[in-house]
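Lifted from TrEMBL, the feature list:
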BINDING   ARG197, GLY198, GLY199, LYS200, THR317, SER536  CoA binding site
BINDING   GLY397, GLU398, PRO399, ASP421, THR422, PHE423, TRP424, GLN425, THR426, ASP512, ARG528, ARG539  ATP binding site
BINDING   VAL550, VAL556  Mg(2+) binding site
MOD_RES   LYS626  N6-acetyllysine
Amino acid sequence: MSAIESVLVENRVFPPSDAATRGARISGMAAYEALCKEAEKDFEGFWARLARENLDWTKPFTKTLNESSAPFYKWYEDGELNASANCLDKHIGTPVENKTAIVFEADDGSVSTVTYKDLLSRVARFANALKAQGIRKGDRVIVYMPMTIDGVVAMQACARIGATHSVVFGGFSAKALNERIIDAGAVSVITANFQMRGGKELPLKAIVDEAIGMGGCDTLRTVLVYMRTPSACNMVAGRDKTFEEVLKGQPDQCEPVSVNAEHPLFILYTSGSTGKPKGVQHSTGGYLLWASLTMQWTFDIRPEDVFWCTADIGWVTGHTYVAYGPLAVGATQVIFEGIPTYPNAGRFWQMIEKHKVTVFYTAPTAIRSLIKAAETDEKVHPKNWNLSSLRILGSVGEPINPEAWMWYHRNVGGERCPIVDTFWQTETGGHMITPLPGATPLVPGSCTLPLPGIIAAIVDESGKDLPNGSGGMLVVKRPWPSMIRTIWGDPERFKKSYFPPEMGGRIYLAGDGAVRDEQRGYFRITGRIDDVLNVSGHRLGTMEIESALVSKTDLVAEAAVVGRPDELTGEAICAFVVLKRPRPKGEEARQIASDLRNWVAKEIGPIAKPKDIRFGDNLPKTRSGKIMRRLLRSIAKGEAITQDTSTLENPAILEQLAEKN
Ligand code: PRX
């Protein structure tokens, strides 16, 4: 049974235990419904109340929502605040100031910690260093850093001076980095000499050099380098400076710059349905409100909790639930530099025991790979560790199949921890549809119900509501504070991508298919309905991979990329390629496929490497020249072709493409 089929027949229900409900921020379904009603009755009043209660404003807002230029919605538009002050300064003079903010475990297992007070000093010093480098409010700064306390310090320091950060995941290639520096018009790149992953020292600064060497980075003035390891790296005189150099003599106090609520806190690039990644722009006020609120609602965070979100700061999850959310609520959090399988696949469980983690948030792909490891090697099974500190488990990034859900529930959560299967996106800024640990009865594989104030629905192509039980497109009918504001530098694309005119131009189209069950109205996400793939929880555009392939102009004539279901990674990338030379076979085909895989890794990053590459003399096209992707998807899955192929210009091609190298 496929993952989606097994989700559709799921009928197990796990009501919240008394322990989970007791003292919960939202305790019981009646409390959840009361919040939903409050939002329904007075939408703006609801969001105004929450923003006043949860954020410190340097200038209070008087307007809550401005819809006059929809879909360019504005929230709290005449208010001012600073994100870093709301994560750090806010706790000074309270019992939180001496609390551990971050427990950092390095790849090699060594641990260091920092209190809120010390973290504020580090952020302030770094913010002063940025100012001394001429970086000002409104400037864009690229952060290309490993998972370290310093990565968070860099983001918070940007926020403190009103600079807009754009974090690029350390696994992205020089080319991807080059494109993002140019698109953002960045004045500075903050990076490290190397990063440590799985016992290996991997270069970062060398990739930055390569990216800048590709040209076009005209706005870039400085590169700031954190020396993560003792190894030397190339430094360009006048342009590159180590952290040590720029921090020297900087005071540990820095007045946070008050910015407008709509000021762009960050830009984060993500894949869409064209070849060019989109710079998703987020606000300061609405975004931060959501980071704080969802920490309270979804994770029911309490003063004694030890929170661990395993996401890298290069992804949105690492923004909202590492760099901002946990700090905004004064929580203690764990940050991990390494990978879940080093030195062995018991690393996560060992770390939960060691740091007494209470709330653990990870991705289904990690869970599935750890299930596989535990099944083949008893020694890395979670039962070998004491996981009794755990209180709540979370899942994010892709649908979690009920089998993985049950395993997580039993073997990690000891059948006592609610699992919050949080559906959201880079564009939404934070959780949208998710169970609440002290309220929602859980159904494996379902993200259950929208958070209060989130008006989610399932509609057909014209925007008409569909009844429960019928699958359709997931939309959000009203704006919410942490929504994407625009695509950096491309407002037209923003409108076109997310607010289709056929639906009136004001409804947010998520790009996912979903269905609500008949009994409870619970949402189940069935996967992307556009040309976006989800591989190991990483979002990749098929067009992006196609452009990478055809950019090898000496070899590739044409390429089409589709996804196919994969037990471990959710989806796997399958590329169909036509070469500028006769179709290769056997060893030659395997060699070219391997070269092309490496090429894609170089163009985008290793996460975009196609798992499967097939060669054909041509691609299946209609007589009007359109590639029939539907057929390619069937071939990729190894299914017999049952579709109508009468419009296909060259039916013989199908057999060729079905052949594995
Ligand atoms: O397809 C959905 C899937 O991940 C997409 C968003 O990817 P990204 O912007 O990279 O953000 C990932 C982290 C929030 C969505 O369009 N997705 C995310 N969470 C879930 C999910 N699919 C099913 N269930 C989820 N809980």
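Backbone N, Cα and C define each Cβ position, glycine as well.
Distribution of TrEMBL features across the structure.
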residue: ARG197; record: CoA binding site; Cβ contacts under 8 Å, 6 or more apart: ASP107, PRO146, GLU337, GLY338, ILE339, TYR342
residue: GLY199; record: CoA binding site; Cβ contacts under 8 Å, 6 or more apart: ASP107, ASP108, TYR342, PRO343
residue: LYS200; record: CoA binding site; Cβ contacts under 8 Å, 6 or more apart: none
residue: THR317; record: CoA binding site; Cβ contacts under 8 Å, 6 or more apart: CYS309, ALA311, TYR361, VAL396, GLY397
residue: THR422; record: ATP binding site; Cβ contacts under 8 Å, 6 or more apart: THR298, GLY394, SER395, VAL396, HIS431, ILE433, THR434, CYS447
residue: TRP424; record: ATP binding site; Cβ contacts under 8 Å, 6 or more apart: VAL396, GLY430, HIS431, MET432, ILE433, THR434
residue: SER536; record: CoA binding site; Cβ contacts under 8 Å, 6 or more apart: ALA363, THR365, LEU568, THR569, GLY570, ILE607
residue: VAL550; record: Mg(2+) binding site; Cβ contacts under 8 Å, 6 or more apart: VAL556, ALA557, GLU558, ALA559
Between the residue listed as 'N6-acetyllysine' and ARG528 (ATP binding site): CA-CA distance (Å):
21
Filtered binding-site residues, from GLY198, LYS200, PRO399, ARG528, whose Cβ is under 6 Å from an atom of ligand 1:
PRO399, ARG528
Secondary structure of VAL556 (Mg(2+) binding site) (DSSP, helix/strand/coil)
strand
Using all protein chains in view, find how many other C-beta atoms are within 10 Å of the C-beta of GLY397 (ATP binding site).
24
Structural state of ARG197 (CoA binding site), classified by DSSP into three states
strand
For LYS626 (N6-acetyllysine), what is the secondary structure state per DSSP, taken as helix, strand or coil?
coil
Pop the Cα-Cα gap between GLY198 (CoA binding site) and PRO399 (ATP binding site) into the table, whole Å please.
27
THR422 (ATP binding site) falls, by DSSP collapsed to helix, strand or coil, into strand
Binding-site residues considered: GLY198, PRO399; fewest surrounding Cβ atoms within 10 Å belongs to GLY198
